[in-house]
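Engineer: One structure follows; several queries about it will come next.
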Amino acid sequence: MDQAKSKALEAALSQIEKQFGKGSIMRLGSDRTMDIDVISTGSLGLDIALGVGGLPRGRIVEIYGPESSGKTTLTLSVIAEAQRQGLTCAFVDAEHALDPIYAAKLGVNIDELLCSQPDTGEQALEIVDILTRSGAVNLIVVDSVAALVPKAEIEGEIGDSHVGLAARMMSQAMRKITGNLKNSNTMCIFINQIRMKIGVMFGNPETTTGGNALKFYASVRLDIRRTGAVKEGEEVVGSETRVKVVKNKVAAPFRQAEFQIVYGQGISKAGEIVDLAVANNFVEKSGAWYSFEGNKIGQGKANTMKWLLENKPTMDKLEGMIREKLMSKPQAETSARLATQEELADDY
């Protein structure tokens, strides 16, 4: 770039920053660290599958799945992890179905959790926008998009046609809150339900409610499914759960994680650590016995999990080893890619 153009560009950049604030425009390569501020999901496997160690702050996240698949449990787990970091959380309960006793069992501090039960969809989304613009709330959960009923539909009669009202409402809200979420570094999680498209012969007939705007604006979309039951003898004590990262703007998508949700306790962290430690050869499995550093720690997965819960230092050590091995790769790849870009730039 010649000197005259360079001076003109610098003057334009200076004017933009003066008018709209510092950081309103920048060179993409100026911030080499590219560190993403995240909140853990409470699931070690899912944090790894997300590629950055959790859900990104300042972004929109969508979690969807069938009924009783663990959507609310996963979001309450995220809230509990956020509160452990000292963050302020809000729960917009459009379904009017939040159980504070269950939330407390999952580790949520219900005394510190802000909760709203709005009457209309517009009211719910306006509350989200006000909380976001305040800059004082770090995580907002909306449960659920399907329950965000437009005011016109509530005031009308059953049987009245309201085609596209919810989709238009969501589209307008996404345009309004996305920039505010980024500026305030607030994460907004939308829980969504599944519907079936009528007359689909080929492909997946499943779709989510609320139109297409949320699909486009969400940085992360998680598809959560119940794959089986967790039993103790004949009694069902939980569910096997699989989460697929359907969309990811901050790392590689299409990874998945499997974990157990134990009724009344939430995500089984010990179970995940056992599975991941065996898969990465930190724990040896011989027949039914599990061994760590040459010592037998349990016969069967259930006993091994129990042993880990009773020996917290070993459990923390294993978690650290798993995180170090599986979460350091993306950073190393990023550094290598930046180094390659610098070499190419030098060649030119």
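Glycine residues also receive a Cβ, built from the backbone N, Cα and C atoms like all the rest.
Just lifted these from Swiss-Prot, have a look:
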type: BINDING; residues: Gly65, Pro66, Glu67, Ser68, Ser69, Gly70, Lys71, Thr72; note: ATP binding site
type: REGION; residues: 328-348; note: region 'Disordered'
Engineer: Can you name every residue in this chain, apart from Gly65, Pro66, Glu67, Ser68, Ser69, Gly70, Lys71, Thr72, with its Cβ inside 8 Å of the center of the Cβ atoms of the recorded ATP site?
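Structural biologist: Those within range, site residues removed, are Ile224, Arg226.
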Engineer: Fewest other C-beta atoms within 10 angstroms of its own C-beta: which of the binding-site residues Gly65, Pro66, Gly70 fits that?
Structural biologist: Pro66
Engineer: List, in sequence order, the same-chain residues at least six positions removed whose CB sits under 8 Å from that of Thr72 (ATP binding site)?
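Structural biologist: Listed in sequence order: Leu98, Asp143, Ile191.
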